[in-house]
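The structure under discussion appears below in the form of C-alpha cells.
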C-alpha cells in the first residue's frame, strides 16, 4: 500500500545550517505518527514540508498520491496547493483563536471560503464542536474557556474542511498533564472515528506512547531511529532513544535518587522492560534460581503502551563480570530488554 505521506530525501537549509538533513519518511493512512526530539532537532521544520508551509531545499513531497514538490520546484499550481492545504489540518501550542468571536464563530471562520449556506455553516460548526465535546460552549468566548477547552476549539476549527491529515505541532506543551492526556485521548478518538492520520510533533515520550503507533526520533536534523512504537520502545538502538524511553519509564527517578558512589565493586543497576503478554512469570525470581543469586528490586511499574501492558523493573545485581553477562543473557532469553543504568543513560548533552 502506498504511503499517504511520502517524504523522500528532504533537506531544509538556512544559510549554512541544515535544519533537516536528508530525511525520508513514509506515513500511512490512519497512522498516529509521533515525531520526537529535543528543541532544535528539526521536527517542526520537517513536518511543515508536508503541506509546504516550508519548502524543502532538496527532496520530494508526495501526499495522497500527488507529488507536490520535486526537483526544487512546486509540481502543482498555487491554487491546487491551497486546495491540498485545506485537507491538512494543523494545531499548535498557541491556540490562535479570535478573542472577539464566539466559539462557534471561531470554527465557522475556517469555512469562510466554503459554499455552505448560513444554516449549513451553523449545523457543521455545531457538529464539529460536538466531536470535540464543546457543543454546550458554542456561544462562549475564548476568554471564558480553559486552556484545554481552547485547544479543543482549535481542533474543531482544524477539522472544518474535512481534512484526512492532522498535524499537531507541540499542541499540548502548554497544558497541564491531566489536560494534555485529555487532548491526546481526543486525537486518538478522532483518529479512530474519522480515519484521520495524525502527525504528532512533541518532545515528550509520554505523549507518543499514549496514542502513537509509529515513531521517528530526530536529532540535529537527522532521523536516528524510526519504526513501530512497540519495537522502538522495547528495543531502542540509539542513545537518544534510550534516553527518551528511560525518561518515559521513570528510570531518571532511579538515577536521581540512587547513590552510585556507594555501590559495591561488582554491583550494577539494570532496567528491565518487557511486555506483560510475553513474560508470564517472575523473571527476577527465575533469575535468582538460575544463577543462585538474589537481585534487589529498587523500582517496579506497569504502564500501557498502545493498549499493551509494559512492565518495568530497576534491579541491583551484585555479581562478578562473568555472572553479570550470564544474567543479561538469561533475561534477554525471556524477551526482556535489559539496559545498564549509569549516569550517562539520561544525560541531555
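Each position is counted from 1, following the chain as shown.
Cβ atoms here come from the backbone N, Cα and C positions, even for glycine.
Copied from Swiss-Prot, the annotated features are:
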- 37, 38, 39, 40, 41, 42, 43, 44: ATP binding site (BINDING)
- 5-245: domain 'ABC transporter' (DOMAIN)
Residues satisfying Cβ distance under 8 Å from residue 42 (ATP binding site), sequence separation of at least 6:
12, 19, 20, 21, 23, 218, 220, 221, 222
Would you say which of the binding-site residues 39, 44 has the most Cβ atoms within 10 Å of its own Cβ?
44
Just going by other Cβ atoms within 10 Å, which of the binding-site residues 37, 43 has the emptiest spot?
37
Give me the count of other Cβ atoms within 10 A of the Cβ belonging to residue 38 (ATP binding site).
14
Indicate the candidate from 40, 41 with the smallest number of other Cβ atoms within 10 Å of its Cβ, considering only these binding-site residues.
40
